[in-house]
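Enquirer: Submitted below is the structure of interest, expressed as structure tokens.
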């Protein structure tokens with residue numbers, strides 16, 4: 001599959017040309033609407049800056065959160081526009097709508113090197129519609145914002161696994177290119193799937209087994225070891241017959257976990273100890289117990305020091321490491337030790353030459369929250385769900401469409 005890149009578009013020339021960019025600017029906000037982790041905004045800058053420096057008239061589409069019933073002031077991209085402007089070093093206009101009169105007027109008024117951010121694309125229900133016609137109608141209106149002669153750049157890796165109007169459908173209408181972020185993510189994930197140096201260690205955390213089931217089953221036949229931590233480890237411990245107290249538990253997944261343990265017992269690695277407490281609170285005192293001796297009135301919020309030591313020893317010998325999901329409730333300092341310990345072990349292995357990939361989402365947020373240098377890892381992905389689905393071998397709509405011939409061309413590259 002040949003995917004045209006941003007470099008191809010820049011070589012064609014973008015001066016005076018309208019370019020629609022789908023970025024992933026879905027950053028976390030606190031209760032006051034202040035951005036708490038601008039990592040995704042930072043990751044979007046290289047592609048946008050290259051286009052703006054080339055004289056393009058850039059229109060950015062992005063989402064924030066999951067609006068339920070149309071526009072929600074709490075999910076406006078206003079704080080994102082301000083933060084993006086600071087990082088780009090230029091003013092970022094924010095449209096008052098998506099494809100309405102304000103967006104149209106602002107898009108028409110753009111001059112070379114200007115950038116316009118559309119309001120939260122998910123305020124328009126057609127963006128995430130299951131109806132192909134509804135999505136295509138929105139995509140046509142988005143394409144009009146950069147017409148005539150416009151182009152589309154896909155740079156939101158965190159959404160490429162979604163068949164949505166601004167991710168998939170618009171690429172069927174405009175000449176389409178992979179932005180630097182998306183191209184880099186594809187390169188790294190291809191390396192993980194096709195040219196993996198052994199031993200290959202996978203570290204999976206997070207709360208739910210159901211979210212990671214596909215990637216566990218896919219990677220269990222490819223990896224030398226899969227470390228299980230986070231809230232999901234308690235369902236695995238329950239599958240071994242252990243009591244897990246009041247810990248997070250997916251009862252409906254116990255039989256599945258038992259099957260996985262039976263089938264991949266030589267690959268899966270579970271904690272030998274955990275850190276428990278009586279209530280889910282940052283100030284609730286921690287207690288380390290064996291994984292098979294969790295008191296009935298306590299819940300596990302982190303893996304224990306013995307587990308960290310074992311997992312770190314395993315990781316120290318790895319040549320390839322993929323990590324997705326924290327080992328505990330890292331937002332609570334008393335329960336961040338497991339996540340920090342695993343992160344530091346991966347950093348140490350990377351320093352010895354291992355190829356390490358942090359699979360986006362909460363694990364990437366944990367790296368930043370714990371003050372660990374992002375440059376200490378080989379790659380930090382911006383897409384948790386997209387990374388997992390790619391490694392499962394699923395077709396990602398937002399990637400597949402980029403491999404199609406440009407509008408008006410045949411498979412061979414000539415005119416239709």
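The count begins at 1 with the first shown residue.
Just so you know, glycine gets a Cβ as well, placed from its N, Cα and C.
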Enquirer: Record says 24, 25, 26, 40, 63, 64, 65, 66, 162 bind substrate. Source is Swiss-Prot. Which of 106, 122, 258 does it list for that same site?
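Expert: The record-listed residue among the candidates is 122.
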Enquirer: Spatially, and counting Cα to Cα, which of the binding-site residues is closest to residue 361 (ATP binding site)? Options: 26, 63, 122.
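Expert: Of all the candidates listed, 26 is nearest in space.
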Enquirer: According to DSSP, does residue 300 (ATP binding site) fall in a helix, a strand, or coil?
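Expert: The residue in question, residue 300 (ATP binding site), is strand (DSSP, three-state).
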Enquirer: Taking the Cβ of residue 63 (substrate binding site) as the reference point, list residues of the same chain whose Cβ is under 8 angstroms away and which are at least six residues distant in sequence.
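Expert: Once residues fewer than 6 apart are set aside, residue 63 (substrate binding site) is near 25, 26, 120, 121, 122, 127, 159.
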Enquirer: Do any residues at least six apart in sequence from residue 65 (substrate binding site), in the same chain, have a Cβ closer than 8 Å to its Cβ, and if so which, in order?
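Expert: Looking at Cβ-Cβ distances below 8 Å from residue 65 (substrate binding site), excluding near sequence neighbours, one finds 26, 72, 75, 120, 122.
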Enquirer: Please work out which residue of 26, 363 has the most C-beta neighbours within 10 angstroms of its C-beta, and give that one of the binding-site residues.
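Expert: By the 10 Å Cβ neighbour count, 363 comes out on top.
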